[in-house]
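Working notes, structure below.
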Amino acid sequence: MAIDIQPACLGLYCGKTLIFKNGSTEIYGECGVCPRGQRTNTQKYCQPCTESPELYDWLYLGFMALLPLVLHWFFIEWYSGKKSSSALFQHVTALFECSVAAIVTLLVSDPVGVLQIRSCRVLMLSDWYTMLYNPSPDYITTIHCTHEAVYPLYTIVFIYYAFCLVLMMLLRPLLVKKIACGLGKSDRFKSIYAALYFFPILTVIQAVGGGLLYYAFPYIVLVLSLVTLAVYMSASEIESFKDLFLRKKRLIILLSHWLLHAYGIISISRVDKLEQDLPLLALVPAPALFYILTARYTEPSRILSEGANGH
């Protein structure tokens, strides 16, 4: 196979794009930015992304997909209040919106029309921030080689958020207007207004900290699930197994936290060795059991009452 011989490209992410191929002859262009869906290899040639995402990549995408759903549920519960019977329908609608957005995002991604994506392997943190590695050979002229080296893990999240926002604006206002009769007119749409704030925030977080989230999200899931579980159980004054089984809602929230614990453990271990990693899932109920067994010594109800009284 004949390949044109040219000087190696500068910088980490500058590459030569294939412009002509005839049999065993390949001719590459000058060093520059690789087209979308390609990244440079070790020889500085732009190669198409043909691999399938690893389990860890899917778990990362799942985490980014769960963020707006959890925020939807939080603000729906926060603004619905105890008098409204519409919270359940809004929860189901938010789940439907995010699920449809995820499916549509996969369908419009390459390859189009199937629930699969092709991707490039994430090799290091700098792959997420190629704009910071544009070379300047003479310290005056900058060669712009910014491209999505982690295709499509970076941009697919923005596409998903856009579909979530569009579906929410199409479905949620009609639903809330019809069934949120237990709320005042000014309170009916507060959960929707909240989403109009947190979607831009999530977008900025992904744009700036996508690479950091990729490596840190398993620990974020574990820490947040532990903290929120402790806060919820203390606020609900759950101090025994009997208190836990008084309401179905408490069991649903407990099971949700257990699923988050399992998600974080699987993300950290990556399930590289099943016989070693799967037994770690037995630790999922440990935080809740530890809380209930030690609640009699900490007395969270007394702490909450003292805090309410200003002591």
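Just so it is clear, glycine is given a Cβ too, placed from its N, Cα and C backbone atoms.
Where the annotation comes from TrEMBL, it is an automatic prediction and has not been curated.
Feature annotations, reproduced from TrEMBL:
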type	residues	note
TRANSMEM	58-76	transmembrane segment
TRANSMEM	88-108	transmembrane segment
TRANSMEM	151-171	transmembrane segment
TRANSMEM	192-213	transmembrane segment
TRANSMEM	219-238	transmembrane segment
TRANSMEM	250-266	transmembrane segment
TRANSMEM	278-295	transmembrane segment
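Residues 226, 229-230, 233, 238-241, 244, 254, 257-258, 261-262, 265-266, 269, 271 of the same chain lie 6 or more positions beyond the ends of the transmembrane segment (278-295) yet place their CB under 8 Å from a CB of it.
Across 58-76, 151-171, 219-238, 250-266, the stretch most heavily in contact with the transmembrane segment (88-108), judged by Cβ pairs under 8 Å, is 151-171.
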